[in-house]
Amino acid sequence: MAKNGLVIYILVITLLLDQTSCHASKFKARKHSKRRVKEKDGDLKTQVEKLWREVNALKEMQALQTVCLRGTKFHKKCYLAAEGLKHFHEANEDCISKGGTLVVPRSADEINALRDYGKRSLPGVNDFWLGINDMVAEGKFVDINGLAISFLNWDQAQPNGGKRENCALFSQSAQGKWSDEACHSSKRYICEFTIPQ
(Lines of atoms letter the chains of each structure in order from A and count residues from 1; the text may use other names and numbers.)
(Lines give C-alpha, C1' and ligand atoms only; values in the text may rest on other atoms or scores of the structure.)
Protein backbone atom coordinates (compact mmCIF):
# COMPACT_ATOMS: atom_id res chain seq x y z
CA MET A 1 0.00 0.00 0.00
CA ALA A 2 2.87 2.29 0.78
CA LYS A 3 4.18 1.56 -2.68
CA ASN A 4 0.81 2.44 -4.26
CA GLY A 5 0.67 5.63 -2.17
CA LEU A 6 4.12 6.58 -3.40
CA VAL A 7 3.11 5.95 -7.02
CA ILE A 8 -0.06 8.01 -6.54
CA TYR A 9 1.96 10.72 -4.82
CA ILE A 10 4.46 10.80 -7.72
CA LEU A 11 1.58 10.88 -10.26
CA VAL A 12 -0.08 13.76 -8.42
CA ILE A 13 3.23 15.68 -8.22
CA THR A 14 3.86 15.01 -11.93
CA LEU A 15 0.37 16.23 -12.84
CA LEU A 16 0.80 19.33 -10.68
CA LEU A 17 4.20 20.07 -12.21
CA ASP A 18 2.74 19.56 -15.68
CA GLN A 19 -0.16 21.90 -14.88
CA THR A 20 2.23 24.48 -13.41
CA SER A 21 4.52 24.37 -16.45
CA CYS A 22 1.44 24.56 -18.71
CA HIS A 23 0.19 27.64 -16.82
CA ALA A 24 3.69 29.14 -16.86
CA SER A 25 3.99 28.68 -20.62
CA LYS A 26 0.48 30.11 -21.12
CA PHE A 27 1.46 33.05 -18.88
CA LYS A 28 4.65 33.56 -20.91
CA ALA A 29 2.63 33.36 -24.13
CA ARG A 30 0.14 35.94 -22.81
CA LYS A 31 2.97 38.17 -21.64
CA HIS A 32 4.67 37.84 -25.05
CA SER A 33 1.34 38.50 -26.77
CA LYS A 34 0.79 41.63 -24.66
CA ARG A 35 4.29 42.84 -25.53
CA ARG A 36 3.56 42.30 -29.25
CA VAL A 37 0.27 44.18 -28.91
CA LYS A 38 2.06 47.06 -27.16
CA GLU A 39 4.72 47.11 -29.89
CA LYS A 40 2.06 47.12 -32.60
CA ASP A 41 0.16 49.80 -30.70
CA GLY A 42 3.34 51.90 -30.55
CA ASP A 43 3.94 51.33 -34.27
CA LEU A 44 0.36 52.36 -35.05
CA LYS A 45 0.68 55.49 -32.92
CA THR A 46 3.90 56.38 -34.74
CA GLN A 47 2.21 55.82 -38.11
CA VAL A 48 -0.82 57.91 -37.10
CA GLU A 49 1.45 60.74 -35.89
CA LYS A 50 3.38 60.58 -39.17
CA LEU A 51 0.13 60.71 -41.15
CA TRP A 52 -1.06 63.74 -39.12
CA ARG A 53 2.23 65.52 -39.85
CA GLU A 54 1.81 64.75 -43.55
CA VAL A 55 -1.82 65.94 -43.53
CA ASN A 56 -0.81 69.17 -41.77
CA ALA A 57 2.04 69.70 -44.25
CA LEU A 58 -0.41 69.20 -47.12
CA LYS A 59 -2.83 71.67 -45.54
CA GLU A 60 -0.01 74.21 -45.23
CA MET A 61 0.99 73.65 -48.86
CA GLN A 62 -2.63 74.04 -49.98
CA ALA A 63 -3.00 77.24 -47.96
CA LEU A 64 0.28 78.53 -49.38
CA GLN A 65 -0.87 77.74 -52.93
CA THR A 66 -4.07 79.68 -52.25
CA VAL A 67 -2.00 82.62 -50.97
CA CYS A 68 0.28 82.46 -54.02
CA LEU A 69 -2.73 82.38 -56.36
CA ARG A 70 -4.33 85.41 -54.65
CA GLY A 71 -1.04 87.29 -54.30
CA THR A 72 2.20 86.96 -56.22
CA LYS A 73 5.24 84.70 -56.10
CA PHE A 74 8.85 85.88 -56.08
CA HIS A 75 11.71 83.39 -55.76
CA LYS A 76 10.91 81.30 -52.67
CA LYS A 77 8.27 83.65 -51.26
CA CYS A 78 4.67 84.59 -51.85
CA TYR A 79 3.36 88.07 -51.14
CA LEU A 80 -0.24 88.88 -50.28
CA ALA A 81 -1.53 92.42 -49.79
CA ALA A 82 -3.89 92.67 -46.84
CA GLU A 83 -7.11 94.65 -46.68
CA GLY A 84 -7.51 97.66 -44.42
CA LEU A 85 -5.26 99.79 -42.27
CA LYS A 86 -3.58 98.47 -39.13
CA HIS A 87 -0.83 99.59 -36.80
CA PHE A 88 2.44 97.65 -36.98
CA HIS A 89 1.68 95.06 -34.29
CA GLU A 90 -1.86 94.37 -35.55
CA ALA A 91 -0.56 94.01 -39.10
CA ASN A 92 2.11 91.55 -38.00
CA GLU A 93 -0.38 89.52 -35.93
CA ASP A 94 -2.70 89.36 -38.94
CA CYS A 95 0.13 88.04 -41.14
CA ILE A 96 1.10 85.48 -38.49
CA SER A 97 -2.51 84.29 -38.23
CA LYS A 98 -2.38 83.59 -41.98
CA GLY A 99 0.90 81.66 -41.67
CA GLY A 100 3.32 84.41 -42.69
CA THR A 101 4.95 87.61 -41.43
CA LEU A 102 5.14 91.21 -42.52
CA VAL A 103 7.26 91.45 -45.65
CA VAL A 104 11.04 91.87 -45.26
CA PRO A 105 12.85 92.64 -48.54
CA ARG A 106 16.35 91.18 -48.61
CA SER A 107 17.62 92.32 -52.02
CA ALA A 108 17.21 95.03 -54.67
CA ASP A 109 15.37 92.49 -56.86
CA GLU A 110 12.90 91.91 -54.05
CA ILE A 111 12.43 95.69 -53.67
CA ASN A 112 11.54 95.89 -57.38
CA ALA A 113 9.15 92.93 -57.12
CA LEU A 114 7.44 94.54 -54.11
CA ARG A 115 7.15 97.89 -55.91
CA ASP A 116 5.46 96.22 -58.87
CA TYR A 117 3.18 94.10 -56.69
CA GLY A 118 2.36 97.08 -54.43
CA LYS A 119 1.33 99.20 -57.43
CA ARG A 120 -0.97 96.44 -58.71
CA SER A 121 -2.45 95.29 -55.40
CA LEU A 122 -2.49 98.55 -53.41
CA PRO A 123 -3.30 101.22 -56.02
CA GLY A 124 -3.04 104.74 -54.66
CA VAL A 125 -1.25 103.58 -51.49
CA ASN A 126 1.92 105.57 -50.89
CA ASP A 127 3.55 103.35 -48.25
CA PHE A 128 3.10 100.09 -46.34
CA TRP A 129 4.59 98.36 -43.31
CA LEU A 130 7.74 96.28 -43.49
CA GLY A 131 8.54 93.59 -40.92
CA ILE A 132 11.49 95.65 -39.67
CA ASN A 133 11.88 97.61 -36.42
CA ASP A 134 14.37 98.89 -33.83
CA MET A 135 12.16 98.57 -30.74
CA VAL A 136 14.72 96.59 -28.74
CA ALA A 137 17.80 98.71 -29.42
CA GLU A 138 17.58 102.16 -30.99
CA GLY A 139 19.21 102.23 -34.41
CA LYS A 140 19.62 98.43 -34.62
CA PHE A 141 16.93 97.35 -37.05
CA VAL A 142 15.91 93.70 -37.00
CA ASP A 143 13.26 91.62 -38.72
CA ILE A 144 10.15 90.25 -37.03
CA ASN A 145 12.14 87.26 -35.72
CA GLY A 146 14.75 89.52 -34.11
CA LEU A 147 17.43 88.78 -36.73
CA ALA A 148 19.71 91.59 -37.86
CA ILE A 149 18.94 93.09 -41.27
CA SER A 150 21.87 92.83 -43.67
CA PHE A 151 20.15 94.48 -46.67
CA LEU A 152 19.13 98.10 -46.05
CA ASN A 153 17.31 100.47 -48.41
CA TRP A 154 16.77 103.65 -46.35
CA ASP A 155 15.72 106.86 -48.08
CA GLN A 156 17.96 109.93 -47.66
CA ALA A 157 18.06 111.22 -44.08
CA GLN A 158 16.29 108.06 -42.85
CA PRO A 159 15.82 106.64 -40.31
CA ASN A 160 15.23 109.93 -38.53
CA GLY A 161 12.55 109.34 -35.90
CA GLY A 162 14.75 108.41 -32.97
CA LYS A 163 12.85 106.66 -30.20
CA ARG A 164 9.48 107.93 -31.48
CA GLU A 165 9.61 106.06 -34.81
CA ASN A 166 10.69 102.44 -34.48
CA CYS A 167 8.94 100.67 -37.37
CA ALA A 168 9.93 100.67 -41.05
CA LEU A 169 7.78 101.66 -44.04
CA PHE A 170 8.21 100.84 -47.72
CA SER A 171 7.62 104.01 -49.76
CA GLN A 172 6.14 103.65 -53.25
CA SER A 173 6.69 107.36 -54.00
CA ALA A 174 10.39 107.04 -53.05
CA GLN A 175 10.91 104.10 -55.45
CA GLY A 176 10.88 101.47 -52.69
CA LYS A 177 13.11 103.34 -50.26
CA TRP A 178 12.42 102.92 -46.55
CA SER A 179 11.55 105.37 -43.81
CA ASP A 180 10.85 104.97 -40.11
CA GLU A 181 7.42 105.65 -38.62
CA ALA A 182 5.65 105.49 -35.27
CA CYS A 183 4.51 101.88 -34.83
CA HIS A 184 1.03 102.97 -33.70
CA SER A 185 0.31 104.65 -37.07
CA SER A 186 -2.28 102.88 -39.22
CA LYS A 187 -0.92 101.72 -42.58
CA ARG A 188 -1.56 99.14 -45.27
CA TYR A 189 0.70 96.09 -45.31
CA ILE A 190 1.85 93.07 -47.28
CA CYS A 191 2.40 89.64 -45.77
CA GLU A 192 5.12 87.29 -46.97
CA PHE A 193 5.03 83.51 -46.89
CA THR A 194 8.10 81.30 -47.31
CA ILE A 195 7.67 78.47 -49.79
CA PRO A 196 9.06 75.25 -48.25
CA GLN A 197 11.63 73.28 -50.22
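Each position is counted from 1, following the chain as shown.
Just so you know, glycine gets a Cβ as well, placed from its N, Cα and C.
Per Swiss-Prot, the residue from C78, C95, C167 that shares a disulphide bond with C191 is C95.
Secondary structure by DSSP for the domain 'C-type lectin' (74-192): 27 helix, 36 strand, 56 coil. Within 10 Å of C78 (disulfide bond), counting C-alpha to C-alpha distances, fall the following of the disulfide-bonded residues C167, C183, C191: C191. Taken together, the residues of the domain 'C-type lectin' (74-192) have an average pLDDT of 94.
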